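Taken from TrEMBL, the feature transmembrane segment applies to 44-66, 179-196, 216-232, 238-258, 270-291, 297-323, 344-362, 416-437, 464-481, 487-509, 521-541.
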Amino acid sequence: MISIRQRKGIKTTEVSEDYAVQEENVKLENKLPSSCTSGRLWKILSFTIGGTVALCIGLLTSVYLATLHENDLWFSNIKEVEREISFRTECGLYYSYYKQMLQAPTLMQGFRGLIYDNKTESMRTINLLQRMNIYQEVFLSILYRVLPIQKYLEPVYFYIYTLFGLQAIYVAALYVTSWLLSGTWLSGLLAAFWYVTNRIDTTRVEFTIPLRENWALPFFAIQIAAITYFLRPNLQPLSQRLTLLAIFISTFLFSLTWQFNQFMMLMQALVLFILDSLDMLPAVKVTWLYGIQLTGLLLVCILQFFNSMILGSLLISFNFSVLIARKLQKNLKTGSFLNRLGKLLLHLFVVLCLTLFLNNIIKKILNLKSDEHIFKFLKAKFGFGATRDFDANLYLCEEAFGLLPFNTFERLSDTLLFYAYIFVLSITVIAALAVAFHNLSDSTNQQSMGKVGKYTIGLKPETAYNLTHTILFGFLALSTMRMKYLWTSHMCVFASFGLCSPEIWELLLKLIHLYNPKRICIMRYSIPILILLYLCCKFWPGMMEELSELREFYDPDTVELMNWINSNTPRKAVFAGSMQLLAGVKLCTGRTLTNHPHYEDNSLRERTKAVYQIYAKRSPEDVHALLRSFGADYVILEDSICYERRHRRGCRLRDLLDVANGHMMDGPGENDPDLKLAGHPRFCEEIKRNLPPYTAYFTRVFQNKTFHVYKLSRNK
């Protein structure tokens, strides 16, 4: 409270003027409590409305996706075996462990069955909790056993509803991130609308429910929202501690639920490294984030029984290298522009060398080869030499690991998302370049400030982080289509933030000499509202029509195969075949497999290549010997692979096997000069002729339009 007192030794005129000013100050102060109260009430009201909208939009998205899944498969009406077959490829493998835990007599027996598993890979006992990221299935199975819901909810519904529930959290996290960046929940609403209207490019949860990324990405979105808040300046100590806890928990859960976590977090670490080097983030906060990444990943490593792939990850080597290099180069952020640029280049070189050195040492100590195929794939993908490696080519020939198709941008443009994203990206990149140049030029001035023309601009740390994040993940998505879901969801956040951000509009209007505070207010609210109206008018009828379309799961050949296996083969029988089909065999029948789709193990990759010789040009004796070496009793041949037409020549599975074996490929077209004609016909074709050399080793026991099952003789 301001008190008024009379000063000594001043003129009466001065006293009267001073008194008048002080009296006015008193009146203003008397008004302050009411204005502060109304402002506080407005903030509370806005927060309540925004939070309610976030909750509602998240739940509505979850219900929408669950309804699409139900309508597409008629999931509630089909048989249990059909429901399980609908979990294609590796999805079925992961779900099988949830089913296995529920079928175990006790939880301890269930745990023991996962730790000492001898049914996923024949003639081997493996620790599934070490090899795979299936703690979420374990947790759900425990919850289902403990909660009193068995009478009201089938296990499969408890599982899929959990995943769709996570989608609600995912959308809410995207909403909150956009809100934090822009300062208005209208931005979050627009981000959520864009996420839903671009569903084809933002999520695939409705048809790949158990996929690891559907578990992990909601936690990744929470982590980004928490980091965005953490990077705000002047946080209260309690708020900072709670935010760090939220970052740690979300980072840990993200790492625990997806085997590719280390690569995503490496991208995130690169974001921090770039911004820290350019003095655009507080160094102390960056150190905290590096530490959280390391701690979270090492804790997951412990839970996964010291998984060597985690210990040998580039992320751990990179983070340690950055922290060591920062200690060695203490005066990195001082000096003139050229001086600092030279120091930065040296810093980059030191970090790179240290990372490669540490990673190489760790891999040699651990004899680690689990991620070899990824680096072979990357080397071939980016043109560092052609390869005949079967595993690398298997990835290269899959559409999901190819470049992002151009029609993706056409779809994103149809909702105006791509246009808005490019608009916001262009402005923020200009601002970031100005700030980076200013920071490098004059390290004594305030950080995150720069100049464009005669205007001084600022870039908030949280904005700088999200800008660099979206650029790096954009490059990742452009190079590998499967990773687009990490980019497109953040694209919704970044575009909506920019359209609702007063800083973005202020910079733009100043650059074109139309700056006016009222104009900023009009632009940041009117344009998002107009886009929301456009999205509602254009896409609402289509969404309603989509929800009214009723289809049904139909795969009679696979159902017939699974029923036959259940009825006509011993429980301990071992099956060989394609990775994708065998995952379904394990889920639907519980039989033992020779190989499976979880490809992050070197010995499994070698085993898979050996089993796949059933589609190569090999003699029946060779194929029989290979399959029996893995204990196979039955082999399943698929016409869709043997006579494949989905891929072009050179990318069909039989072509990959031929090239890897040094044989010439089938059909018209060129072959490498060193490839030779095979000495035997293609096994999967020739076996169907029932010739004596084949019937001596293989007996056909089941056949339909799609599958042929042969029993292996036990003769050597």
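Every residue number used here counts from 1 along the chain in the order it is shown.
Cβ atoms are placed via backbone N, Cα and C, with glycine included.
Note that this is a predicted model, so its numbers are computed, not measured.
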Criterion met for the transmembrane segment (179-196) and the transmembrane segment (297-323) (at least three Cβ pairs under 8 Å): no
Selected stretch (most C-beta pairs under 8 A with the transmembrane segment (521-541)) from 270-291, 297-323, 344-362, 487-509: 487-509
Outside the transmembrane segment (487-509), six or more residues from its ends: residues with CB under 8 Å to it: 170, 174, 177-178, 181-184, 186-188, 190-192, 194-195, 198, 201-203, 217, 221, 224, 412, 417-418, 420-421, 423-425, 427-428, 431, 452, 455, 457-458, 460, 463, 466-467, 469-470, 473-474, 476-477, 515-516, 519-521, 523-525, 527-528, 531
Long-range environment of the transmembrane segment (344-362) - Cβ separation under 8 angstroms, sequence gap at least 6: 273, 277, 311-312, 314, 316-318, 320-322, 324-325, 328-329, 332, 368, 440
Contact set, same chain, for the transmembrane segment (216-232): CB under 8 Å, 6 or more residues outside the stretch: 166-167, 169-170, 173-174, 176-177, 180-181, 240, 243-244, 246-247, 250-251, 253-254, 257-258, 261, 264, 281-282, 285, 288-289, 460-462, 465-466, 469, 485-486, 489-490
Cβ-Cβ under 8 Å with the transmembrane segment (297-323): same-chain residues at least 6 beyond its ends: 127, 129-131, 133, 135, 252, 255-256, 259, 261-263, 265-266, 269-270, 273, 287, 290, 350-351, 354-356, 358-359, 362-363, 366, 368, 370-371, 600
